[in-house]
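J.: Let me give you the structure first, and then I'll get to my questions.
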């Protein structure tokens, strides 16, 4: 619409002439096949003319109407739009002024359901938290018991190694009397083979 305001205004007259048969055919005469309608007086900055693009339907059997002048007393066509109608705004349904009993009951039921679901979820999380804490305590106790058992095994191994070394020292010592036999009893000698 802004580009049409920059064009030169034409008076509201009908120019006689023949319409072009095709869009590619250019008019060589000075007359144009456009019809501009509008008041003859000064305008208020709005374009009042109408240009219809396209090919005119014309046959030889149709009589050519006499060109007539448009009456100047016709006011221009003005389209007024509602200022509330703007593009890009989302239409939302209007809220009902009074809610019915069914809607109130549904809202109460929905509130109770939301509360029950929230309570159930929080209860599940609380129980799961307690179970995890109990399992963590049991795991810590099992780790402490395992560490204590491993320490006891290390101590017992060290004691057994020390005892084995002492037994080796005692068994390897030649200074001590032979404690295997009873004193005074000589072991019997096996007589040799008889002939």
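Think of each number as a place in line: the chain as shown, counted from 1.
Here the Cβ of each residue, glycine as well, is placed from N, Cα and C on the backbone.
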J.: Which of the listed residues, 43, 59, has Swiss-Prot annotated as phosphothreonine?
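T.: Swiss-Prot annotates phosphothreonine at 59; the rest carry no such entry.
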J.: Say a student had to find the phosphoserine annotation in Swiss-Prot: which of 27, 61 would be the correct pick?
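T.: Among 27, 61, the one Swiss-Prot marks as phosphoserine is 61.
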